[in-house]
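The structure appears right after this line, and notes come after that.
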Amino acid sequence: MPKQDLYSVLVGSNDKSTVSEIPTNHLRVGLSSHSSLLSHLLRTLSNRTLPPPLPPTQILTLLSLLTSLDTQNHPLNIGCGEREARLASSILKVRGGLIHGIGRSGDVNEMQPKAAGSSVICVVVKIGVKDILQNSLNFDFLKKSTVTVLPTCTGLTLLLCLLTLKKSSKKSSNKVLWCRIDQKSCVKSIQSGGFELIIVPTLKIGDAVTTDIDALKALLDTHGDDVLCCITTTSCFAPRIPDDIISISKILKSKNVGHIINNAYGLQSSHVNSMMVGAVNKGRVDYVVSSLDKNFCVPVGGAIVFGPDKTKVKELGKMYPGRANGRVVEDMFISLLEVGREGYEELWEYRRNLIPKFIKTFENVATENGERMLKTEGNDIR
């Protein structure tokens with residue numbers, strides 16, 4: 001039986017309606033929205049950039065169309081012997097989604113043979129995220145690299161980065177230097193991987209708490225080849241300010257020590273983004289980890305990993321054990337298509353414009369209560 005699209009089925013090869021009650025021009029107008037929607041998808045895949053924001057109805061239609069390509073939704077399939085994509089709840093069946101998951105057991109970035117639609121959604125999300133990072137935030141180092149989207153929180157993603165570095169390292173190093181911030185997640189990610197945590201103390205300059213570069217150098221000299229990498233942080237609560245990742249990346253490059261940047265919610269900061277480019281261009285950066293919920297306003301549970309070395313980022317995907325949950329990718333797919341690149345740019349700019357007003361109001365409140373606001377220049381997230 002020859003392949004036919006919806007237009008040819010309803011209109012026919014002789015351009016006359018096969019449904020006698022409906023005029024051909026009416027069908028043509030109705031089907032034009034369908035073809036327009038698919039053209040947005042095809043342009044995204046071919047141009048590697050996000051389309052203009054789509055209305056929610058079109059996104060839901062596209063999502064339904066793509067999930068229908070997964071094998072569990074084929075009307076002629078029985079699914080006998082299937083190990084997964086079975087739903088016992090009728091509510092879950094209505095909700096649908098990428099129930100086959102993403103990736104394969106050997107690589108979270110591989111295409112899932114039973115889920116063609118889900119695989120397309122994954123590709124669109126990676127294209128969209130890279131488009132924003134490269135063209136909105138000016139991360140030019142991504143032109144020859146890639147992005148990995150993981151259904152794991154920031155801390156667990158940091159652990160995967162550590163394990164990937166450990167696997168590729170030619171040294172038997174097991175120590176991780178960590179520039180201290182008062183937050184538990186990063187500590188747990190290091191210790192749960194069986195690595196030895198070495199805390200780099202901070203330094204107080206005025207009201208701000210920052211990186212003690214001299215202490216870092218001393219620890220690198222003391223522990224030598226036993227150091228696998230250093231984890232720095234760019235997004236933190238005042239009075240802590242972002243680590244001096246440019247200076248640190250230069251030091252780590254000279255010592256041949258790995259560098260992972262915990263950039264949990266730093267994509268919103270133009271100052272941090274500028275530092276990121278400088279660190280990549282002037283020193284060593286292996287992985288940058290950023291949270292999806294904090295930067296893209298989606299439900300908690302996902303992170304992106306990127307860096308200047310495409311091979312290293314791809315190796316990270318192979319470290320993920322097993323197939324991954326598809327809910328995080330589906331949430332990002334919906335948000336990227338509805339908000340668009342320009343929408344996220346406007347959102348981040350709106351937040352940046354609120355900072356002066358916030359500082360002034362906060363300072364007034366402090367003064368009225370006999371207190372003073374700490375001056376922490378360099379932390380534009382607060």
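Indices start at 1 and increase along the chain as displayed.
Any Cβ shown, glycine's included, is placed from N, Cα and C.
Automatic prediction, not curation, is the source of TrEMBL annotations.
As annotated by TrEMBL, pyridoxal 5'-phosphate binding site applies to Arg83. Annotated substrate binding site per TrEMBL: Arg104, Ser105, Gln112, Arg323, in sequence order. Feature annotation from TrEMBL assigns N6-(pyridoxal phosphate)lysine to Lys294.
For Arg323 (substrate binding site), the number of other Cβ atoms no farther than 10 Å from its own Cβ, over all displayed protein chains, is 19. Take the mean position of the Cβ atoms of Arg104, Ser105, Gln112, Arg323, the recorded substrate site; other residues of that chain with a Cβ within 8 Å of it are Gly101, Ile102, Gly103, Gly106, Asp107, Val108, Glu110, Gly322, Ala324. The Cβ of Ser105 (substrate binding site) lies under 8 Å from the Cβ of Pro321, Gly322, Arg323, each of which sits 6+ residues away along the same chain. Of the recorded residues, Gln112 (substrate binding site) and Lys294 (N6-(pyridoxal phosphate)lysine) place their C-alpha atoms 28 Å from one another.
The binding-site residues listed here are Arg104, Gln112; among them, Gln112 has the most other Cβ atoms within 10 Å of its own Cβ. Around Lys294 (N6-(pyridoxal phosphate)lysine), the C-beta neighbours below 8 angstroms that are at least 6 residues distant in the chain are Ser235, Ala264, Tyr265, Gln268.
In the three-state DSSP classification, Arg104 (substrate binding site) falls within a strand.
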